[in-house]
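Visitor: Questions regarding the structure given below will be posed in turn.
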Amino acid sequence: MSKIFVNPSAIRAGLADLEMAEETVDLINRNIEDNQAHLQGEPIEVDDLPEDMKRLHLDDEKSSNLGEMVRVGEGKYREDFQMDEGEDPNLLFQSYLDNVGVQIVRQMRSGERFLKIWSQTVEEIVSYVTVNFPNPPRRSSENKSTQTTGRELKKETTSAFSQRESQPSKARMVAQVAPGPPALEWSATNEEDDLSVEAEIAHQIAESFSKKYKFPSRSSGIFLYNFEQLKMNLDDIVKEAKNVPGVTRLAHDGSKIPLRCVLGYVALANSKKFQLLVEADKLSKIMQDDLNRYTSC
């Protein structure tokens, strides 16, 4: 008959587990007793209550106090919606606008139309500004205000004009540096630069993000390429696409933009693989034809 030997350490471990289990049970029982301590006292009979308790009622002052408490609570809710005094409103507003932009892109990717999204977004932004940015006090001198406004408008006009001139020059610079189509003759210029235009361009690109377009190959054939192969963020693609002449105007009018031309331009400036595969002269002609066809409609 075989003998079974038990390791003493296993016995000690089992005893320790039993002790811990007993302590756990005791702790649970104590917690239950503490939680039910209010039930262990003697019950209060209704007949033992003072006679004055039967005549208790709420008067008008109490009800008015309740109304004041409700109004205070509502005021506290409005204060919670507003910003703290120690926080910079400009930074918070910038963060809010960034979140709004991300939300717009997500809604457009889900299939919602831009005009509906934009109308709702404008209402939200107006509400935010109304709550957090009250009207500043008027200046006593109208001449100072007029002079300041004139200087600001002049600065904004100068900066906007310099930005518009820098966009075509940037496009020409990219076309010259990159080993792509050097002979593109683009006469149109981008003049609109607002969020609605960027959103429309992003919407059209996002809808065709995986669609493959035909491009001329160096091997006298064709190859397929799409926006997804760029490995770029949608925002960066939109910024590059705005440098293509005529794209901003088409997006502002709600027309279709030449996506193959845009893809060729962005890929030529950012993808070395695309530069090695594509035939530069043929690509130049294709991009020019696409641009002329879309802008002439």
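Placement of Cβ uses the backbone N, Cα and C atoms for every residue, glycine included.
Here Swiss-Prot flags 49-58 as motif 'Nuclear export signal', drawing on similarity to another entry. What Swiss-Prot lists as phosphoserine is S63, S64, S162, S210, S271. According to Swiss-Prot, the feature region 'Disordered' maps to 134-176. As annotated by Swiss-Prot, region 'DYNLL1 and DYNLL2 binding' applies to 138-172. The compositional bias 'Polar residues' annotation in Swiss-Prot covers 158-169. The motif 'Nuclear localization signal' annotation in Swiss-Prot covers 211-214.
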Visitor: If you run the three-state DSSP split on S210 (phosphoserine), which class comes out?
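Guide: Its secondary structure by DSSP: coil.
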Visitor: Would you identify which of the modified residues S210, S271 has the most other C-beta atoms lying within 10 angstroms of its C-beta?
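Guide: Most Cβ neighbours within 10 Å: S271.
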Visitor: Can you tell me the mean pLDDT for the motif 'Nuclear localization signal' (211-214)?
Guide: 91
Visitor: Tell me the coarse DSSP state (helix, strand, coil) of S271 (phosphoserine).
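Guide: The three-state answer is coil.
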Visitor: Measure from the CA atom of S271 (phosphoserine) to the CA atom of S210 (phosphoserine) and give the result in Å, rounded to a whole number.
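Guide: Cα-Cα, rounded: 17 Å.
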